[in-house]
Amino acid sequence: MRGGRMIITILDECRVEEKCQSCPFSQTSKCMEACPTDAIFLLNNKSFSCLTCGECARNCPNKAIKRNEFGGYYVDRRRCNGCGICANVCPIGIIKIVEKDGKKFPMGICSMCGVCVEVCPYNARVSSYELLNTKREGLAERYLKVLENLMKVKLFRAEEKPGKVVEKVERKSIKIDRDKCVGCLRCSYLCPRDTIVPDSIDACTSCNLCGENCPKDAIKDGEVDYNKCILCLKCVEICPNDALKVENFKVIKVKEDKTSQPTSYCINCGLCAEHCPSGALRFENGHLYYSPDVCWKCMECVKICPNDVRRIKQDFRRLYIHKGNLMPKASMGNNKLYSCESPVDDRVVGGCSLCEICINNCPEEAISITTVKLEKIKDENCILCGTCSNVCPRDAIIIDRSNGEVLFTDNCIACETCAIHCPRDVIPNTTGYKKVVDRENSFIRTDMDFCIKCGLCNKVCPNNCIDYGVIDKERCEFCGACYNICPTKAIYLHRKWKVKE
């Protein structure tokens, strides 16, 4: 079996000096010494390693061997019973069952941590992604062919995880220019699909819907010209925040002036339609269509929406009461009526169909339809923690630690779940909607019975707050780097997310 993601040796570069033949390291090498899982061996004075083909994981009866976020594999020692099946099925025989403290478990499985790449003095250890990106994939084929000949085995190409790395992913959606937006929230109030989520605001936002609906041009932004006003009350009815009311034959503004930008909006990723079991949502040519008559209100779309735009909204109707009796509004006369809102029904809202109503009605031309491009991330601020891959709903992200890159596969639909949760904000975020770890309801700890003191957690922690499994929880930001890199899954991580203020 041949692996999809793996670290290989450029054979012409490995141990190229003649003095290597008489070196005391002739039976070992720097990469072997550094590998925390003993996944590298020497053959004909060249380094070879685990193929990350996944045969061990597929044949493990206890499902104790699993793929991690970097394309390698880890052994969950709580599940492993040391049966040795993984060693028996390994096509190159690198897996060995060892015993420590009365517990048997396998060694020799690559976790794709990239340590061997860093310590190689000849730059001979590289990831298969680097070869692919530099159009040198032939070196990987040669490496595998030499291994076949030396070990006298046939290595067939294994089934890889669905999705191949792509240069970029594109998506069309509206975009609100936060620098131009004045916070009137007209876009939110006019959107027929409730797809632009307003901030909770109890004030007059100067949306001027009152002025646009006044037949006599008697009001603007809640300020009334009483010489023109005919008390038709269209302004009172249309005001989205109930900022206007009638007192003594005059329409008056009863709430303060305040502006606020939308908190989030639909980016047309199509995740909701993809997860809808009833067929009430369809995503066609970048447009999202919803038919409420076949909706089960199962909330799957609400749960999966990365921007929390898909949501339940309760419809109300205003009731007018006089002396305990319901009255039609038209019969107000001189009677003193009390009004209240009564819930009518719940409905699922949110989901942009690109109708452009928001674009055509924005007074500052702050909204446009744009093509968002998501390309591989190679940023010095990226800590390669793996959070993006953890939260991705389509398993479309690869963390290439050896090259310091975050890669996207053709499974990616640019839903930006990764960007919303990224602790370093290195992934483009269209809406600016952000979630952070809720520290009070999250926890991280290390089971020291399974920690092998390999030091990988020390190496990857961006805050230097872990020392061979011992975590300083006050400094920890719950980024998950140690959790994702741990080759024995000795680190437990549970994260709850909350919207960033």
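A Cβ is built for glycine as well, from the same backbone N, Cα and C atoms used for every other residue.
It should be emphasised that the depicted structure is a prediction, and the values quoted were computed from it without experimental measurement.
Within the chain carrying the domain '4Fe-4S ferredoxin-type 1' (39-70), a Cβ under 8 angstroms from the stretch's Cβ atoms is held by residues 1-9, 11, 14-15, 20-21, 26-29, 31-32, 76-81, 83, 85-86, 89-92, 94-95, 106-114, 116, 124-125, 143-144, 146-147, 150-151, 155, 158, 161, 386, 389-390, 397-401, 484-485, all 6 or more beyond its ends. The domain '4Fe-4S ferredoxin-type 1' feature in Swiss-Prot is assigned to 39-70; the stated evidence is sequence analysis.
Swiss-Prot lists Cys50, Cys53, Cys56, Cys60, Cys80, Cys83, Cys86, Cys90, Cys110, Cys113, Cys116, Cys120, Cys181, Cys184, Cys187, Cys191, Cys204, Cys207, Cys210, Cys214, Cys229, Cys232, Cys235, Cys239, Cys266, Cys269, Cys272, Cys276, Cys295, Cys298, Cys301, Cys305, Cys352, Cys355, Cys358, Cys362, Cys382, Cys385, Cys388, Cys392, Cys412, Cys415, Cys418, Cys422, Cys451, Cys454, Cys457, Cys461, Cys476, Cys479, Cys482, Cys486 with the feature [4Fe-4S] cluster binding site. Sequence-distant neighbours of Cys362 ([4Fe-4S] cluster binding site) (same chain, 6+ apart, CB under 8 A from its CB) are Arg186, Cys187.
Residues 1, 4-6, 38-39, 41, 48-57, 59-65, 106-113, 147, 151, 153, 155, 398-400, 447, 450, 486-490 of the same chain lie 6 or more positions beyond the ends of the domain '4Fe-4S ferredoxin-type 2' (71-100) yet place their CB under 8 Å from a CB of it. The feature domain '4Fe-4S ferredoxin-type 2' is assigned by Swiss-Prot to 71-100.
Predicted-model confidence for the domain '4Fe-4S ferredoxin-type 3' (101-130) is 89, expressed as mean pLDDT. Per Swiss-Prot, the feature domain '4Fe-4S ferredoxin-type 3' maps to 101-130; the stated evidence is sequence analysis.
Residues in the domain '4Fe-4S ferredoxin-type 4' (172-201) partition by DSSP class (helix H, G, I; strand E, B; coil) as 5 helix, 7 strand, 18 coil. Per Swiss-Prot, domain '4Fe-4S ferredoxin-type 4' is recorded for 172-201.
Under the heading domain '4Fe-4S ferredoxin-type 6', Swiss-Prot lists 220-249.
Marked as domain '4Fe-4S ferredoxin-type 7' by Swiss-Prot on the basis of sequence analysis: 257-286. Break the domain '4Fe-4S ferredoxin-type 7' (257-286) down by DSSP state and the numbers are 5 helix, 7 strand, 18 coil.
Residues or ranges marked as domain '4Fe-4S ferredoxin-type 8' by Swiss-Prot: 286-315. Panel annotation: around the domain '4Fe-4S ferredoxin-type 8' (286-315), residues 171-173, 193-195, 197, 264-280, 343-354, 393, 415-417, 420, 431, 433, 499 of the same chain, lying at least six beyond its termini, place a Cβ under 8 Å from a Cβ of the stretch.
Marked as domain '4Fe-4S ferredoxin-type 9' by Swiss-Prot on the basis of sequence analysis: 341-372.
According to Swiss-Prot, the domain '4Fe-4S ferredoxin-type 10' annotation covers 373-402.
Swiss-Prot lists 403-432 with the feature domain '4Fe-4S ferredoxin-type 11', giving sequence analysis as the kind of evidence.
Annotation comment: Swiss-Prot describes 442-471 as domain '4Fe-4S ferredoxin-type 12'. Within the chain, the domain '4Fe-4S ferredoxin-type 12' (442-471) has long-range Cβ neighbours (under 8 A, six or more residues past its boundaries) at 36-37, 77-78, 111, 113, 115, 383-385, 477-479, 481-483, 485-496.
Annotation comment: Swiss-Prot describes 467-496 as domain '4Fe-4S ferredoxin-type 13', evidence class sequence analysis.
Counting Cβ pairs under 8 Å to the domain '4Fe-4S ferredoxin-type 4' (172-201), the top-ranked stretch among 220-249, 341-372, 373-402 is 341-372. Taking the binding-site residues Cys90, Cys295, Cys418, Cys479 in turn and counting surrounding C-beta atoms within 10 angstroms, the largest count is reached at Cys418.
Using a 10 Å radius centred on the Cβ of Cys50 ([4Fe-4S] cluster binding site) and all shown protein chains, the other Cβ atoms total 26. Taking a C-beta cut-off of under 8 angstroms and a sequence separation of 6 or more, Cys232 ([4Fe-4S] cluster binding site) has the following same-chain neighbours: Cys214, Pro215, Lys216.
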